[in-house]
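What Swiss-Prot records for this protein:
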type	residues	note
ACT_SITE	118	active site, electrophile
ACT_SITE	187	active site, proton acceptor
BINDING	31, 32, 33, 193, 226, 247, 248	substrate binding site
């Protein structure tokens, strides 16, 4: 369990797994990244909703879309089972932060989920564990559910540093974060957008290790990394995996529909 004052090094932080209280929800989220105009987003949704007619009710379906699509999709999603998500959020409610979007702005648009700490944000835009933590706490303070992304690079995996790196991310990212309103996505960075998928059993092993570091073992933990219609059934057959964070395969209604309608093996 992440204890008080977990701001120091990993060996200063004590972890203990809590007791599970029940069945974890399945959260299937699409991350459109920097794709789709408003017109394209509406056209996608019109077709995608038809894919959900027989989707089991215990599956949470989320679309994390560009800021420019939030308003139009908020109106279009009203009354449907699809939840609206954003791809980032600032930690301040307002201020001189050119180009940023605040939690109240997202809430006003009906956003329910927000991705925080995606590897592309960390790699290309200088996100750190400190700023990730600020964003997590700000999002939760306004009732948003964060999807926290953690994962290792190819070099870290080759060096045997996968566990230490992810544990350090968790120790720093989750300071004062409410684990009852949280989703975590394990994204092996070397598998994102590369077509290389982490073996399902290995993803299950790492996600189990992530869960062992949480004081709430019922936090849903997703897998993200080249998820597609062909591998979703095998991924979701793993007992520790509670959903997926899907990139490219979420851009087409049929492929994302197949993913949310995965068939348990």
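Each Cβ is built from the backbone N, Cα and C atoms, and glycine gets one as well.
The candidate set comprises the recorded positions 33, 118. Of these, 118 has the most other Cβ atoms within 10 Å. If you compare every pair of Cα atoms in 31, 32, 33, 193, 226, 247, 248, the residues listed for substrate, the longest distance is 14 angstrom. Each of the binding-site residues 31, 226 was scored by other CB atoms within 10 A of its CB, and the lowest score goes to 226.
Apart from the site residues 31, 32, 33, 193, 226, 247, 248, the chain places the Cβ of 192, 246, 249, 250, 251 no farther than 8 Å from the centroid of the site's Cβ atoms, the recorded substrate location. Classification of residue 248 (substrate binding site) by DSSP places it within a helix. If you compare Cα positions, the residue listed as 'active site, proton acceptor' sits closest to 118 out of the recorded positions 32, 118, 193, 247, 248. The number of other Cβ atoms within 10 Å of the Cβ belonging to residue 248 (substrate binding site), over all protein chains shown, comes to 19.
Proximity of residue 32 (substrate binding site) to non-local residues of its own chain (separation of 6 or more, Cβ distance below 8 Å) is seen for 41, 63, 64, 65, 66, 69, 87, 250, 251, given in sequence order. Within the same chain, residues at least six positions away from residue 247 (substrate binding site) with a Cβ under 8 Å of its Cβ are 31, 33, 192, 193, 224, 226, 227. Across the structure, residue 248 (substrate binding site) and residue 118 (active site, electrophile) place their CA atoms 15 angstrom apart. Secondary structure from DSSP puts residue 32 (substrate binding site) in coil.
If you draw a 10 Å sphere around the CB of residue 193 (substrate binding site), it holds 12 other CB atoms from the protein chains shown.
A simple way to gauge crowding: the CB of residue 187 (active site, proton acceptor) has 24 other CB atoms within 10 angstroms, across all the protein chains here.
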